Amino acid sequence: MGGCVSATPEEREAKTRSSVIDRQQRQDARQYENTIKILLLGAGESGKSTVVKQMKIIHGDGYSQTEXRSFKSVIYGNLAASMRVVLNAMEKLGIPYGNQASQEQARVILSLSNSLSSYESFPPDVTSAFISLWRDAGVQECFSRAYEYQLNDSAPYYFQNMDRLLREDYVPDEQDVLRSRVQTTGIIETSFRVKQLTYRVVDVGGQRSERRKWIQCFDDVRAVLFVCALSGYDMTLFEDGKTNRLEESLNLFQAICNNKFFVKTSMILFLNKADLFRDKITNSDRHLRLYFTQYTGPDRDVEAASRFIQSEFMERNLNKQKIIYPHLTTATDTTNIKVVFGVVLDTIIRENLEAANLL
């Protein structure tokens, strides 16, 4: 009659180790199923970082007063940089100041540091210079011709709210934070939970020099959210001063959409800065056909112009089995982004369930 042979200590240890590994693998698998990684891509100045801020406001805890205060130096840096751009443009466009005192005030602003971290507050002479210059007729004329040079998208907002921004007790609110602009460098990840799912949104800098880092983020991506600035159709890249921004976005989208890493990945397209696009198409003479000769629609027709640009993106998709989900967005508008992002999350969940044959 045979007896049982007891396991050796080494065998018991190996079995325990195997059980721990199996348990960890099951836990990792559950976590993977409950975590959706969204890769946020697009060219520089497209509004990606603003989309991330909106996610924090809509699905996170928003911005505390302490967090909002940390943006003050950035906002002041944006304000100073925007005013410098206008003042330099006045010289190039040959626009005189409305009064002689403005020339001295302009020198005060032009002498400010370019560093965004330089200003937690401005001295009285700088504050006075900002306010007086904004009221100057020449500055106003130059500002009204901003389509003729490259002015930060947030400049109108900051100029129009200048009196509030320059108060001694000023604390940035969420709208001020949304309008703030710092070039994204490196990889920034934001996480939030909606309906028992964790979303990891990975934002990578869109400037050309940052794109070599993108491939580091391609693993386990469940959706790509590509952001394009509609209003860039008449503008050139800061990097080289000659490449059309919209053309750059189209080429970049084609490379991403048809990348082997994303054959089965949900592809969401945000046609962003729709508010600026509408204003430019409707109120300026910078007609779309002047920059994209293949556009044959009417001038000042926002719907026709946006349909044309959307179709240009769709044509860059070489895999006709792949569905692109386009949305017109204004990233600074929390209500708009809340509605659109709700649709986006539902789309991502549905596509992932279909891919797993659960629908």
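Backbone N, Cα and C define each Cβ position, glycine as well.
Range with Swiss-Prot annotation region 'G2 motif', chosen from 113-121, 167-175, 176-184, 185-193, is 176-184. The range from 132-139, 156-163, 260-267, 268-275 that Swiss-Prot describes as region 'G4 motif' is residues 268-275. Taking Swiss-Prot as the reference, the stretch among 293-298, 317-322, 329-334 described by the feature region 'G5 motif' is residues 329-334.
In three-state terms derived from DSSP, ASN272 (GTP binding site) belongs to an extended strand segment. Regional average pLDDT for the region 'G1 motif' (37-50) in the model is 92.
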